[in-house]
Amino acid sequence: MAAEDELQLPRLPELFETGRQLLDEVEVATEPAGSRIVQEKVFKGLDLLEKAAEMLSQLDLFSRNEDLEEIASTDLKYLLVPAFQGALTMKQVNPSKRLDHLQRAREHFINYLTQCHCYHVAEFELPKTMNNSAENHTANSSMAYPSLVAMASQRQAKIQRYKQKKELEHRLSAMKSAVESGQADDERVREYYLLHLQRWIDISLEEIESIDQEIKILRERDSSREASTSNSSRQERPPVKPFILTRNMAQAKVFGAGYPSLPTMTVSDWYEQHRKYGALPDQGIAKAAPEEFRKAAQQQEEQEEKEEEDDEQTLHRAREWDDWKDTHPRGYGNRQNMG
């Protein structure tokens, strides 16, 4: 029974070839990346490559103590497993887990590049880890402009990688049919897989550079969201209730609110008072009695006569005073103190 189970388990070559084939199908698929068909291939390929990686670890097929020449030509292709894992991880579509997918894909690419660097597959510089990149960014944050020399060197490196990648793809396409059909000798097979390793070194370096840029953008977006959320939470707090200082309360009790706050009479009292004097709107102008008219006329006549008499007397006194001043000049009669 155990022997039958072992026969049913997929072997390492089958896991590797199926995973590689699924990756090729995903890369050339015409359907949207988020479609169900494409995502099923992505998940299935990741599962197969994960099993292949576990099997490689159990078999201890590669060791850092050995050189590249000591690895069998047919086993060189299994060094590509981490690179395939990183490429398929990048194909996952889930916006809420995008940052996790990017970090996991970066780990796979770094694992692949580390193996190739240890075996001296090609001459290249390993990318910095995320912690070193963060420290480097913090140290260089005070620089207003990047170094022109560094920018030029990065551009030149990208151009060189692109040319090398195109050349490798051309050579691989020429050797593919012979190797896969089994007609190539061991030397050609070894050269074919070494070219594959070099090609995926260039791809991994480009992917890591793109991943670092996207991770930076996502983290800045998350930090801005947190800042906006904290600001909105402050704005959504209930308004502060108005408060009155004790001093103002005591002052209002003594001096009042600035206007008569207590009534001096009721509405009924006001109505009776105005009704008594006939000043209500519906009462019209109050009518005076005939006796009152007669008294008012008599008082007016007496006042006019009095004013006329007062005027005559005043005029007479003024004329007498003028005559006296004409006959008595200033200083008249003051003769006692004269020498």
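A Cβ is built for glycine as well, from the same backbone N, Cα and C atoms used for every other residue.
Annotation source Swiss-Prot lists N-acetylalanine at Ala2. The domain 'UIM' annotation in Swiss-Prot covers 46-60. Look at Swiss-Prot and you will find 98-202 tagged as region 'Interaction with PPP2CA'. The region 'Disordered' annotation in Swiss-Prot covers 221-243, 289-339. Residues or ranges marked as region 'Interaction with MID1' in Swiss-Prot: 225-290. The feature compositional bias 'Acidic residues' is assigned by Swiss-Prot to 301-312. Residues or ranges marked as compositional bias 'Basic and acidic residues' in Swiss-Prot: 313-329.
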The DSSP breakdown of the region 'Interaction with PPP2CA' (98-202) into helix, strand and coil residues is 81 helix, 0 strand, 24 coil
Helix, strand and coil residue totals from DSSP for the domain 'UIM' (46-60) stand at 14 helix, 0 strand, 1 coil
